[in-house]
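Encoded as structure tokens, the structure appears first; notes follow it.
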Amino acid sequence: MTQSIYSNYPPELSAAQQKFLVTAVKDWAIQNGLAVRPSPAIVPAGTDQNGVLATNAPVTLFPSPFPRTCFDEATALQEIYNELYASITCNEEWLGDIVKGLIEVDDFVANLWKVHLAVKKEGYVQNLSLGLFRSDYMAHVSATGDPALKQVEFNTISSSFGGLSARVRQMHAEFLTSPPGPSINYPFHPLLHSEVPPENPAVETLSSGLARAHEAYGVSKSTPALPLCVVFVVQATERNVFDQHALSEQLKKVHNIPVFRVASVDVLEQTFIPSDNSARPLLYRPPHSPESTFEVTTLYLRAFYSPDDHTSSRDWDARTHLERSAAIKCPTVLNQLSGCKKVQQVLAEPTGLDHLSAFLKGVDPSLIERVRSTFAPQYDLSANSKGRELALNPETAMNHVLKPQREGGGNNIYKSDIPGFLQSLPESDWMGWVLMELINPAANAQNVALRNDGEVLRGDVISELGIYGTILWEDTGKILHNNHGGYLLRTKGKEVNEGGVAAGFSSLDGVLLF
Ligand code: ADP
Ligand code: MG
Ligand code: MG
């Protein structure tokens, strides 16, 4: 990685230039829905009782440089990654073996598996599954100094920020090109002005996946036939609503599909399965229009990925109710489980068992090796294992992160905290965690972020790239649709361990390829 690319990027801003740019970003964000509902930390309790306020999403003022070779490779591998995770989901026995190793130590995983077993016992009535995936990477600086693409994780549920990341790209691109002529928004810099950030069709990709599932559902299974719709299952307290609206708007306006939002806590009240219909269609009665009933073709889960969404047995009943219905799930419980960090660790294990080739039968071996080379070393923590040794030694722990089977950010343990944390847990619980070597991205880049409370931060940053993909498949493994498109760049201070925009660690960013 060439030091010179970064050495004076982004351009320095005078106080007046920074004020101008921050105002431009703040206003552009609200004008264009690059926004989130404010957290209680920003709006004190009682100030926004009617929930009318919105603020800019945390966002960088400049797009960040990202190596073109890594960006292109991540894009090139997305469809094969889609296929890999569809294939894992189809192999209930293999996945079940992994899950069984977690059941004793992880109630959340155990309960998900119970939902699957309950529906399996009754019999699944939908053989199609939809994946809206995001594969996350960093550009690792290898010993030779060249950047190498390394996967942070693969997300199979609630892969978010497609809507907002497309808008960040639009904002940076507009600031660079509008008005025509020398940029009045940014001081000149050769890297910044060498090209416009790459197109970001995340909204088109993700909504096309949902539309494809809607179409594949076929005709109504009700008598008389009911109008069909897509339902987004969301968290009642969701703040990232505009990201989700970007997808539902596209579904409504471009694909002409009715879309409704149902909070996870309202699922059992607002949806039902008629007991006299063995096809088990999922029916939805909008509370604002109780005389109309829709049949749900596709359920897009932006909830139920965390134990926080499952606070009572009623939430688990709701999840089982959705899973047993004829709606196409994005994701199914099995597909959600395939996204466990443990699965990623087992895939990366150099045990001699080549899981990757087994799941990608018929795929060009050189392509499989390219997927494999994106894995960073990962270990389990069984007795006498290398993972346990690395985790408990304070020196080697410094180069690692410890991950539980969770999504949504804020769950990992880092570096020097690892040995003490493990020792605070009963040894029997250690198998619920995986140890991963830290990816080491170039940290000599800088950027300026406007946080959603208006704070402006400038400093050394590191970035994480996500690539979106969609896949629709039958439980036999037959693939009906496999596509990729669009990206997310999240950037955080280099001293920050965690990632995640919603979790409050990163800012949305754009990409400048070099
Ligand atoms: P989650 O599913 O909660 O998002 P991740 O595996 O993505 O879990 O971890 C959260 C964050 O931790 C990432 O966004 C990244 O910033 C950091 N992280 C995770 N794994 C690594 C790694 N191997 N090297 C460096 N940072 C990592
Ligand atoms: Mg995740
Ligand atoms: Mg993540």
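Cβ coordinates are placed from backbone N, Cα and C, and glycine is handled just like the others.
Curation does not apply to TrEMBL; its annotations are automatic.
Glu407 is the only one of Glu395, Glu407, Glu427, Glu437 that TrEMBL places in the Mg(2+) site (with Glu153, Asn155). Of all the Cβ atoms in the protein chains shown, 18 others lie within 10 Å of the Cβ of Arg239 (substrate binding site). Ligand 1 lies within reach of Glu153 from the binding-site residues Glu153, Arg239, Tyr414, judged by a C-beta closer than 6 angstroms to any of its atoms. Using a 10 Å Cα-Cα cut-off from Glu407 (Mg(2+) binding site), the binding-site residues that qualify among Ser158, Ser160, Leu438, Val501 are Ser158.
Under 8 Å, Cβ to Cβ, and six or more positions away along its own chain, Gly410 (ATP binding site) finds Glu498, Gly500, Ala503, Phe505. Nearest by CA distance to Lys492 (ATP binding site), out of the binding-site residues Ser160, Gln244, Ala303, is Ser160.
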